[in-house]
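Here's the structure we're looking at; comments come further down.
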Amino acid sequence: NETKVMYFILLGFPTTTELQLLLFSTLLLVYLLTVLENLLIILIIRNNHSLQKPMYFFLGNLSFLEIWYVSVIEPKMLVDVLSRDKRISFQGCMTQLYFFLTFVCTEFVLLAVMAYDRFVAICKPLRYSLIMNHRFCAQLIAGCWMCGLITSSTKLSFLAQLSYCDVDTINHYFCDISPLLNISCSDSSLAELVDFTLALMVIMVPLCTVVASYICIMFTVLKIPSSQGRQKAFSTCSSHLTVVILFYSTTLFTYAHPKLMYTYRANKLVSVLYTVVVPLLNPLIYCLRNKEARLAMRKTFTCRR
């Protein structure tokens, strides 16, 4: 039953005709808001000298990353909501998967880098400007992208070599690792092993970095004598910690064992959280929970007015 598959059919979210327009409008609004919010953060950081710090340099890169991150998934999803033809070519599927993996792996590492930045700022404040200089920050960002590109290229090289059956239907709204592993007719054990190993490295190593950084931060903050000082130190970390919890919690179980997760109907709903909801909430979390960002935003709009 093996054949050379020319295209896949993305089932997406089955809806009635009455709900199609509502779903399309909701997803379009969320996509436009996500792009607008992240563009706004980049604009505010570029136009305010008070935000020319490593923390906001990384935040600007995170916003830039998330614009592309959602743009790989959501436009195709929007088209499929209204269209009866839900096909995606084999090359298009591999391309979408390649860029999605690149961006999601890069974000894992970038969030760990941001946690390390907060660790240096709170635990080693006197050496902060010396350690987190512009050159080192640029090297960290380049390292994040290199990790994402190498990981996605390695995973895709194994997935693209698999053979697929006549049944080319994917019960998902985008090309992800789990559906491709499950519809493969050939032995996918090696591809699963490579994917699991790389997922473990890309998820667990940054996660351990985040946990270790915040444990050190917690002990340092607890040594601060004044409650006002402790509150100020925690406030610089709260927004990042919230984003880390949202992103890691929604992706950890999905990519720890992708072939197993595909068997659950909840997989698509979990995927919606980290491809649609989390990117929408991240800019709001950083703006609403960060006093410095709120002041810069107010200043930007006041000046323009």
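Placement of Cβ uses the backbone N, Cα and C atoms for every residue, glycine included.
What TrEMBL annotates here:
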- 37-286: domain 'G-protein coupled receptors family 1 profile' (DOMAIN)
- 20-44: transmembrane segment (TRANSMEM)
- 56-73: transmembrane segment (TRANSMEM)
- 97-116: transmembrane segment (TRANSMEM)
- 136-154: transmembrane segment (TRANSMEM)
- 196-222: transmembrane segment (TRANSMEM)
- 234-257: transmembrane segment (TRANSMEM)
- 269-288: transmembrane segment (TRANSMEM)
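Same-chain residues lying 6+ beyond the ends of the transmembrane segment (269-288) with a Cβ under 8 Å from its Cβ atoms: 27, 30-31, 33-34, 37-38, 40-41, 59, 62-63, 66, 69-70, 73-74, 104, 172-174, 176, 239-240, 242-243, 246-247, 250-251, 253-254, 261, 294, 297. The transmembrane segment (136-154) and the transmembrane segment (20-44) are not in contact, since fewer than 3 Cβ pairs between them lie under 8 Å (pairs 6 or more apart in sequence).
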